[in-house]
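Below you'll find the structure, written out as structure tokens, and then a few comments.
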Amino acid sequence: MEDKVFNKPIEKQFEFDEEVASVFDDMLNRSVPFYKENLNLQIDILKNFLSDQDKIIDLGSSTGTFLIELAKKKENLDLIGIDNSEAMIKRAKNKARAFGVKVEFINSDFLEYDLSGSKAIVANYTVQFIRPLKREKLIKKIYDSLKNDGIFLMSEKLITENKKLNKIMIDIYYDYKKQMGYSEFEIAQKREALENVLIPYTMQENIEMLKNAGFKEIEVVFRWNNFATFIAFK
């Protein structure tokens, strides 16, 4: 279905409910530059570090795209997707069933869920929705939950310390969204809905947060404008 969530005035706080879940795949493909390409890049990198029965957990797994694609490319993995949206989990389960892949999707708060024993943990555009006071605690939990040779993949929207550059990058992103078919009204509505809900960090703040949690090797494997993907090794 086509994303039309923000083509009408906002009447409630943004949440990942049934209305959003029903169009979320289209929303991601049109709102996140190079979304499919980035996910495929992460999978192609990650599969080289994985062995049979390794546990991989996707935090904020939404409709399950990442784990389903990983399952199609590499078999015999213990794949778990966690999301606190029941509507997202329902769609993820239906998609996994349709593709005939084995992935466990759990409706839970990953801040409370036991992540221990994971070879890899993935969070694509998820951490940015965690309140800053809880964010460092989550990253430390991820580090502690990984095996000694574990990997954390994190994609985030970014801000820059230079205010003029930040405005330029935001304008470039809004131009991209217009090219993808969103109206200025829809863009403005979504910006208002996500204000104080999605709280991005700078590149350096994200790297420092990963270092403070204990990660020693951190690389940026993808970047477009104000979007980036980090890989961190325990």
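Using N, Cα and C of the backbone, Cβ positions are placed for all residues, glycine too.
D83 (S-adenosyl-L-methionine binding site): 26 other CB atoms within 10 A of its CB, across all protein chains. Under DSSP, D83 (S-adenosyl-L-methionine binding site) is assigned to a strand (E or B) in the three-state scheme. The S-adenosyl-L-methionine binding site annotation in Swiss-Prot covers Y35, G60, S61, S62, D83, N84, N124, R191, and the record cites sequence analysis as its basis.
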Spatial neighbours of S61 (S-adenosyl-L-methionine binding site) that are distant in sequence (at least 6 apart) but have CB under 8 A: L67, G81, I82, D83, M88, I89, A92, F105
Counting other C-beta atoms within 10 angstroms, the emptiest spot among the binding-site residues S62, N84 is N84
Surrounding CB atoms that lie within 10 Å of the CB of Y35 (S-adenosyl-L-methionine binding site), all protein chains: 19
